[in-house]
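Below is a structure I'd like to ask you about.
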Amino acid sequence: MTTSFRPPAHEHSLIPRELSENYSVQCRRCGCPIHGRTNCCLDCNVFFHKWCTEWPLQIQHPCHPQHPLILVTDNYFKSSYCCHECRFSDRAEDLVSTLPPTGEQAEEDETVDHFAHEHPLASFSVTTPNNIRCGACRQEISGRVYGCLSVDSTLMCIVRFQLCLQKDQQNKVSSMVDHFSHPHPLRSFNIKEENKHLTCKACEQHASGDVYGCPGCMFFLHRSCAELDGEMFHFHHDHNLILSAEGLHNDGSFICNCCLEASSGFVYNCERCDFNLDTECALKTRSALYEGISARVQHFAHQHILTLHYLKGYNCPECNACKQPARGLAYCCLSCDRFSLHLSCFQLPLKLEHEFHPSQPLTLRKMASDSYAACNACRRKCTGFAFQCEECKLHMDVECASLKPTLKHLRHEHTLAYFKRAMGLHCNACGSSSNADLYRCVSCDFNLHHDCIPLPLTARSEFHIHPLFLKEKFISGYGDSGEEYCDVCEEMRNPDLGVYCCQECRFAAHIECVISTVSLDREKLVKNTQWSIVDEEIASAKEEMEAMKTQLEALMKKRTDMDSQTVRGV
């Protein structure tokens, strides 16, 4: 049976899950993405990193040595360690990551002075994932690092800081240029991927590939940003825009009129109006026009003209079609500021033929705000846009309409499609709730957890002498009550769920009673599955041979009878 446990500061027990590579969820405790192995609470439908469930309820940290700190989790996927006496509080993952080592792991304390900080920096060994960025290179910290305990838990990695300056690999002869944005000449570099943490001062993106830079000032520009036109005309504004290296506010920042985000990089500014475009928005939208994308469009779901934008950051408007943040190229209404569409959602076809509903084409519709229609594919409420079949009263949301069946599994006759999210489904293998990270046949309502897929088709059990075979369902037929029982744990089982059973007798058992989903090694599961496939092919070949043998015997008998009749006739 699957082992469950109850972690500190959570009211329910958790069970382990294995997420697929293309699925991630947010950790309820630290707020960071989870990939791969996780612990899940079925009651709350929340997930935790394994290491986050091991956080102690109380710690003693060098940054606040006078009092113990208590673990507190709010309703917004954030956890902190707090001192209720001093009202001190800091992120839980940062404090746990920087706890001094104890026992055999303890290393000799080391303190260094660094020109970039006024206080001595203490040595730490960081072994758990975290969101702390190195003060020099801006990468996540790990291994041996240095941090200030006098101020907060922000850490600094001196060694990597030095590497950031030294690993500017040059693939060709350097050239020097003068640029209006910097007082020193800039030298050409080719920065390889390991140094992508350096930031371009024009677009504020990672500086990699061909760049111009002044290493002494830590000033770098992408070659494309260094060669930006000094003046441009953009369809978002009526006047020409002039490139400037300084923002309009005292701190050098400005608000971009395209994405509405604050920026401190280069700006295209109208000297006559209060209008600004950051370089990324200016270039992304202009490049889209060169590729044939229209600057302004009309859409059937909205009464006003929509204008092409490039959106980014955390304050993106919601796409009215898929209800996801409209990041990237998107069409927005400038008249009412209440309608936005991803470029891809704007390009959705009005008619769609889909494998989930092959009998009739589906029509794209805007769902009414008071509609309670559910998507027939994932069973979640349809919001935004949906494809509909008026004849069948079928609905399919935009996300599900983009899915294609990709997985052929031996347990089902049809190809299965991958769903990140669903509602009200149960796995046909293990029987438990299957509302995330699953493969599904919509027409048959057949579902498999990602981590139930590698179940071996054949297995051996210490409770039975014969090999057991994985079946989609099995009815033993014992007794008159119609109830089915597991022959291992002797508890009732659902005959409509997956089961391991014996082909030579009527032995049947829960999947979890034959195979412990916790103790099984994943590689071993895959290997067992490969063996099982070969075993099934061998069994199938044996059946064919037996059938051919029976057919041959029948033909031989027929031939003998014909010979006998011929002899009697003679």
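Each Cβ is built from the backbone N, Cα and C atoms, and glycine gets one as well.
Automated prediction, rather than curation, is the source of TrEMBL annotations.
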Pick from 118-145, 230-257, 510-537, 538-565: which range has coiled coil per TrEMBL?
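The listed stretch tagged coiled coil in TrEMBL is 538-565.
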Looking only at residues six or more beyond either end of the coiled coil (538-565), which have a C-beta under 8 A from one in the stretch?
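None.
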DSSP on the domain 'Zinc finger PHD-type' (318-379): how many residues come out helix, how many strand, how many coil?
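Per DSSP, the residues of the domain 'Zinc finger PHD-type' (318-379) fall into 4 helix, 26 strand, 32 coil.
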Averaged over the domain 'Zinc finger PHD-type' (199-260), what pLDDT does the predicted model reach?
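Here the mean pLDDT over the domain 'Zinc finger PHD-type' (199-260) amounts to 84.
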